[in-house]
């Protein structure tokens, strides 16, 4: 599989590094407006190939490097300038994404486009509108990382292997995201039943759930406060998405996609558990949510829809989670 990564910053290079270690791609191209940076990242990574898996890595600022890509991963975008409104930034990044999609499609006929740039749900919609590709081939990294954070936080509290925890963050990758506690389980045991043993020891389950969710939702803010940016976690999350596409694994991941209809809203992107394979999103799983969770998901979808409409109507969107 050939993977092209647009954006050679810390997120893009972390994705390339994780993808290389997993042996997911036979060829990786890194493209950035700063051609020297992209070339340097590619050269640095290529020197580690003898210790992992055979892979050809190239970098530069020419989109011809993306020719015949199976998957195009987009991490590019720009930061907010002093005095710039969120709408101005969002519209600017939407133009950047549109330009990237147009450039990539000149060299690859029917790639899967994997959006990582934030706000990921809105920009997934932008890529879908610009590309003209089927919905199933436009994927956002969505809440894949948020879901991993939730599972790790549950595992830390319960002293478990996080791979044995099955819980999902759904909706927006941002402050309106929700945890689907009603579907969460440990080894097939519903999470609330699993926690019954702790209740006898004085554990206040609902307060623990609330704290775990808040730590999950606000994780990016804490990381950015400590080190300035997040990139390793999202690098591994995106490499996992690429792995299931390359191997046609039909794994279930909480990626973002543009839903044709949801509770009266058309063409709204958000994350729910989805089956991924070589064609992209093979199917979307119907979650049995509680009434409160369904209301939360509906609210999250409305938040995303409002951000999309703000681009079209020149209205100021609300803030979103940085990563």
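Keep in mind that glycine also has a Cβ here, set from the backbone N, Cα and C atoms.
Of all Cβ atoms in the shown protein chains, 31 besides its own fall within 10 Å of the Cβ of residue 173 (active site, proton acceptor). Residues or ranges marked as active site, proton acceptor by Swiss-Prot on the basis of sequence analysis: 173.
If you look up Swiss-Prot, you'll see 11, 32, 63, 99, 116, 117, 118, 141 marked as NAD(+) binding site, on the strength of sequence analysis. Reduced to three states, the DSSP call for residue 63 (NAD(+) binding site) is helix.
Around residue 118 (NAD(+) binding site), taking its Cβ as the centre, 23 other Cβ atoms fall within 10 Å, counting all chains. Under the heading substrate binding site, Swiss-Prot lists 80, 86, 118, 119, 120, 121, 146, 147, 148, 149, 230, citing sequence analysis as support.
As annotated by Swiss-Prot, beta-D-fructose 1,6-bisphosphate binding site applies to 151, 166. Sequence-distant contacts of residue 166 (beta-D-fructose 1,6-bisphosphate binding site), defined as residues of its own chain at least six apart whose C-beta falls under 8 angstroms from its C-beta, comprise 151, 184, 185, 186. Secondary structure from DSSP puts residue 166 (beta-D-fructose 1,6-bisphosphate binding site) in a beta strand.
Every protein chain considered, the tally of other Cβ atoms within 10 Å of the Cβ of residue 221 (phosphotyrosine) stands at 14. Summarising the annotation, Swiss-Prot assigns phosphotyrosine to 221 and lists sequence analysis as the type of evidence.
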120, 148, 173 filtered to the recorded positions whose C-alpha is within 10 Å of residue 141 (NAD(+) binding site): 120, 173
Residues that sit under 8 angstroms from residue 117 (NAD(+) binding site) by C-beta distance, when 6+ apart in the chain: 7, 74, 75, 76, 77, 93, 97, 123
Minimum Cα separation from residue 99 (NAD(+) binding site), reported as the residue among recorded positions 80, 173, 221 that achieves it: 80
DSSP-derived structure type at residue 117 (NAD(+) binding site), helix or strand or else coil: coil
